[in-house]
Structures are given as structure tokens and as C-alpha cells.
């Protein structure tokens, strides 16, 4: 029997007299009180209820009279608790299992009264004048429930509502009944597998009832426009969930005085209650706990925060950021036990369906630590992390558009929208926005994916208000899911307007005007060709190489002259500046420019005349640059080579290629001439590459997943890890050379206006931690500079077949401390040392070589043309360049994330259609209840939760310094055999199986038993 039902039955059986209702003829409101009275035998509570009935006869409105208030205050019963007595009685989440067991014979009313007494202090504080907001709020609440009693997942998950108490009680009973394994002889506490709440239950059982109740989040009713009017005149006024924002003037003064801090909010996608902003002094990130601290700000927003008092700071048991700490390693500074909300690895915080692109290694850094890591040291070795709350939103970077599902709420004028991204709150949407038939047949739309836009979020509601924007289609289908991704990340994939298309040449086929041809260097007779992926359509760079009589080479990089077609200030330019970049999905491209430009007029297609910007060098065979020329030109590509074609030429230098082995070639240039040009470029590129790396450059290659698609359905037929070969390196070297040369040129001519790209070095604290981990792992890794790190990564990590896998894992670990490269205007950065590009180890760098797909390159082209006096007058200011640079940074980050999500989407479909998939995997990070692996066959990263491993008896976590280790104890398949032990640490080799999850497009990695796995390292 359910504990709540058993408790109610025992009460009825003990006192059958109270089963008779004495006020059956009274109005329905009195019946409610009478029913309460009939089931409780406490004289104190009886007195209170009698007073309630008496007062209800005296009042005209719905609010309580003064007598009732006085009586409730004498009983310490807050106004908020006077109505839902039965519901709160059934909320077993407020009582620890041990206290429930010890009080099995007590009246549930006695327990309830004890709960009320413990809560009354805080509620009395709320009613008293002169109490500060912080004192009134007390401990921050991170959880709320809707007024229909539905538990909200994601950010709001963590508290139980009355209607769901029975379900939670069953889970608690199941947890209590689960057997625990005794501590192993090795020492330490063993955690039984598949017991999600047992550790939490054990901790709660040691806490007095009053203390346990004090820590419970407060339930706050949801709000919507319809509900606000409905609640008017009710017995209880709506309580503020969020603080009011500061005024702009208050924020300005606070920032100037250093009392407030501005930064970009970053919400942990795995633990939705945790958010961070970077610290302005490059120390450890500032922590924001729960939705209330975020104050309606969403991921990516630029916010202003106020640091909370020191006693509310977080204690992290290691000196790493708490986003990196293990699932049970965080406490408050006051020493209260318990995990951060959403930290249970196989509870609310679990995210099996996502590809893990960033391992949460205890000893390493994540994106939450991009800003540094200096923590406040404690005497016991723990770290103290500052916490804060949002007081102002400077810029809403988040699109406020989300994909998700609709839930019908009976007797409500709105439906509940549940976003797929749990970092976004649930949203109330009007029923009028819902599709026809939704209110009568809601189950028909259970798997339908919608787009909803948040239109508002009141301070007295845990839920936002919004409007349905579009019905996407069935969840799990590629096109609806793709459109949802694009919409959420505010990628403009609409058709180009007539106004924009009107900026393009109308006379087609277009030819180069004679006056334009006369003003440019004519390179149409040169052997110039493109090397691109075989599926590429936007060909924006070409190469040429001609041997000179003195043995040197004339090498050219020729870039599509997009700025000729995109005039500054017109509608086309405005749209391109907003889009800022093309977005590359697995199955298609969302172009920055109309296809007429990016695939035709600007694309350096073979056998047609095209306008270009060229950089031509005279280079020795050893890669030494003797001379350099910049200018506008005209070229005619003789062939479109793919990377495969170029690679075949490099691999077979003596081979005579036939016309059938290559795409169509201009008859003016023999195939052998093209072949020799490729070989010369490859030889020079090798010299340039060697010089770069000997000079201190760094490259962190990470595995990239590619797909083969069905030409008709565009569904994935296969997938493979993309191979980065010599042909790729050839093109990369000359693009880098052109970008570096252009950066120096425009910086020289426009010292305060140049648009450059800088890459800050990693933070020293983070590098030190990584160095400590590598030392403990026995790895000879030198992190003192970019060049030293590159040499370390290219040293041999063993001589077996898994040495390359170890290098991939180490590369991934070393990429963590790295910061993102950023566009900037030279006029806003005073210190020229900050111009440097850490990874390339060059003083100046920019982007010049991809103007078809990057708007930053278009600005660079305009600067270059102005410096050469071969373009229109430059209409740019320092402020405008910096603003556009910042926007390009944002859109580049979005583009990268969308590309990753598209890859995840297709791989999820591939696993579903072709799985289960078996592969070897190497451990790349270990937490206290889970570990991350790199799946070697597919290059994807997944998290494996110990409590979800089938056949696992228990596990134990141990950490020494920065090295984290899990010991897994497997149940024997044969009872006569002993349990088998498996140690999991960085570089451990395991076998995994990828399986589709129940959720659309999601999959998980399952660890195989060790007897079926290869030997560990």
C-alpha cells in the first residue's frame, strides 16, 4: 500500500468517530474544513478549524478575517499553508525516511504541525516590516511547481508537488529497500549501482525533521496572463518568484563603483540549476545557483550580477571550478550537506541523448572555466567560489525561441509548452495558438514538435509566457529537427527578399565590364585551380604556382572579390552583416549571400572569368618569401580539384593522370602542368609548415565525424572519421600565409581601424592544473608555450596500436584551457601584445580568404581595397568595426554550435537505423559517479553513468591530487565466481555499445563487461 494511503487508513481506523461529518448541510466551503476536521484528532488543529468556520460566516469576501489571522499566527500557521493542508500532509519529500519510520505510530497531523512550526519563522519574517529582501528570501529556492501540480523538469526540477508525492514515496520506499554493499577491503564507501537516491536518503535520515523541512524548496503557483486575472480576489496574493531589476542608473553607478559585475551568462547544459559568468579579474568564474539567481536571464544573455554575501558562497572540495567538480562534491559555504540541484547523474541532470563535446574531468577545465581559475583557498584545501544573482539584463542574446512539446491542462485557458532545452523554462501559451483539435485530442500531438517564442516573463511567475510560432512536424525527423535547431539559435534561413536580390546584377549571364577588366591585373592565362571538398559549391579560393627561371617560384592565392558585388550600405550588405556567416549543416548550407553570388558570380568555378583579390609571392624552394604583391585581378580557373584528386597527385608524383581520372580541365593547361603545380605547392607547404611549428605554432587536431547521405532522401547511409591529409595541409598553409600577410598590410595602413583576429593564451592557473594532472599520469607534457605543447603532443605515446587514440585523448584534454579566438578592431585594444594569436604564434592575424561565407572577410577586403586605392571611399569608423567584429564573434560561435548539433542529429539517426553499434573507446575524463569516453570508431564523446551500467554491483570513487579514478565491481555471471573489479581512469580502454534511446534522435553508450573488453592500458 502507498505510504500516504496507509497513513490515512491508520488514522481513520484509530478514531472512527471522526469519520462522521457534522456539517454536511453547510455550504461547500465549510465541507472542506469539515472533511479536514473529520480526519484529525488534534485539539489544537480542531480549535483552529472551528475558528476558520466561524470566521467564514462573518466575512463577505474571500479573504480571511482578522480573527482567523490572529488564530493562525498563534498557531504559527502561515497564510500560504492554510488551504492545502491535505496536500502538504501527503508530501513525504519533506520528511526523511528514518523519521517516517520512527514516527509510524504518530498522527500525520503531528508531523504536519511540526513542519508548520519550522516554516513559520520564515513566513513571519516575510510579514514583518523592516526585514531585508535577503533575510525574507532566506535560502534561494530553485524549484517551483505549476498550479496544476505538474512537476516541472529541467531548471524547475528538484521539489515534489502534492499530487506527485505518492510517486516519490514509492521511489523512496524502493530506495530504502535496496540492499547496500559493505565497504570493500580496499577502503572507501562503495556506492551500489542503480540506487539513485540512496546516498541522499542516508544523509537526510541524519538530519532533524525541522532542519530537513527548512531545506525544502517552496512551491510557487505558476502564472500566465489568463491566470493573473483568475487569481484576483483570491485568498492568497501571488508571491514574487524573482526580484525586480535594478534601474539603468543604479546599474551604471554599481558598475562604476565595482559593486556590480557584467558578463555573459552560461548555463550548464548538464546541470540546469548551475550557471556561471566569467570573473572580470580572470579568477574563478562566478557561480549562479538556480533559476531565481538567474532572474529570467537565459543562456548567452549579457547580464549584470551582484555578488552575494560570503556566507552564501560555494565550497568546492577541489580547487577546480564547481562545474568541473564531481556530482557530489559541492556544498554551501555554511557547510550544509547536499548536492547542487540537478547534480544526480542519472536523475534530472542526466543527458544521455546528447553527444558530450566537453568532458567534465575533475582535474581539467570546461567552458565554465574559460575566464580563469584562481579560487579562494581554505585551510582544509577546499576552494571557495563566489556566488551572485542577476540584477539586470543588458542584452538578450538568447533568441527566446525554443522547440518543444505541448501539454494540455484541463480547465485552463492555456497549454504548457515544455522546451527540449531544459535550460529554458516551461512556457504558458494561449489555447488559441494551439492547433485545431488539440484541446479535444491532445494525445494526437504528443510527438509533434513546435516552435514557441517567449513574449514575457513576469516576476511573480516561475513560467514564461509565449506564443506558438510554428508547427514543425514529427519529432525525430531530420527536417523538423533541423528547422528547430536553426530557429532556436536565431539562424536566418529565410529566402532572400526582392530588395536584397535587386542589388545583384540583372543582366544574366553576367560578364565582367570592360572598364573593370582594364583596372585589374589579368591572370587568366595562368595555371590557377581550386582545391575543395568534393561537394563544395562556394569556391572562394584558388591557388597558382609557377617555377621561375632562377629556380624560385611565383605562388598566388586568389580570393573571390565579393566586395565588388556587395556594396557598402545597401540592402544586400545589411543582410550579410546580420547573418555574418554561412552555416554548414550535414545535409545543406544556409548561405550568407544569395546563391547567385556564392555559387555563381563570386564562386571561382572552372573555365569562366572571375573577379578576385590576389596575393602573389616570390618564394624560394625552402619557403623563404622574397617579394609580395597585393591587388585586384581577374582569373580563369582551369580545373576544380577535390582534396581526393590533389591527394592522389601527391601520393603518385610520377604518375601520368588521364583526363578520365580528373574533372574537366582547360585544354590550355595540360594535366601534367597541373600535377607539377600541385607537387610544387605541396613541397613549399611542407617547408612553411615546418617553419611555423619550429617557430612555436600549435595545432590541436580533433576527430571530426562525416556522413555519406542518400542522394534522394538525404538520410545517413554511413559515417566515418574525416581524415586530415596532406592535400588539406597544402591549402591550409597558403591560406594562413595570405591571412597573415593581409593582417600586416591593413594594420600598417589603418592602425586604428584594422579588423584582426587574436587568440589569447590559456590562463596560467588552468595550465598549472593540467600540468599537474599530466605529471600524475606520467606524461611528459610541456605546457610552457604553444610550441612546447605541440612538440609534446607529437611525441610518441606508446608504441602499440592505441598510441594514436591516446594522442586524441591528450589533445582533447589540452584543448580545454584554450580560449576562443576573437575578431577585434585595433582601435579599441591599446596593448599591441594583446593582438597576438597564441596558437599560430604570430603577432598579427586576420581572415581574408573566405568572403563568400564570412562577413569579417568582406570588411577586410574593403580595408585592403582602400589601402591600395582600388576601391570606393571607406565608410567605416572604429566603433562600427568593433561592433561588427563582436557580432561576427557571436554568429561564429552560433554557427559552430549549430554545426555540432546537426552532426549529433544525423549520428542519432544513424544509430537508430543501423545500431546497436559496437566500438572500442578510451576514457578521457572521470567524475565521482560517471566517466566520459571517446568512441574511437566514430570520434564521438559520450558520458557513461555508473548507476545505469547493467550488471554492475557497486562502484567506488577515489581521487589523488588531480587524478580521478573509479573502481567498478561487476556482478558475476556465474554465482560460483567472485565479483570482477574494473578500474576506470584516463586512457583506460573499454568496449562500449551505442544504442538508440526512447527519445527521438537520442542515443546512449553502454559499457560492456570487462571480460569482453580489450586489455586496459
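Yeah, the Cβs are placed from backbone N, Cα and C, and that goes for glycine too.
Feature annotations, courtesy of TrEMBL:
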type	residues	note
BINDING	532, 541	Mg(2+) binding site
COMPBIAS	88-101	compositional bias 'Low complexity'
COMPBIAS	124-150	compositional bias 'Basic and acidic residues'
COMPBIAS	174-183	compositional bias 'Basic and acidic residues'
DOMAIN	520-870	domain 'RNB'
REGION	1-31	region 'Disordered'
REGION	57-240	region 'Disordered'
REGION	316-356	region 'Disordered'
SITE	540	site 'Important for catalytic activity'
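In the predicted model, the domain 'RNB' (520-870) has a mean pLDDT of 94. Its own atom aside, the Cβ of residue 541 (Mg(2+) binding site) has 22 Cβ atoms within 10 angstroms in the protein chains shown. When the neighbouring Cβ atoms lying within 10 Å are counted for each of the recorded positions (532, 540), the highest count belongs to 540. A separation of roughly 9 Å, to the nearest angstrom, links the Cα atoms of residue 540 (site 'Important for catalytic activity') and residue 532 (Mg(2+) binding site).
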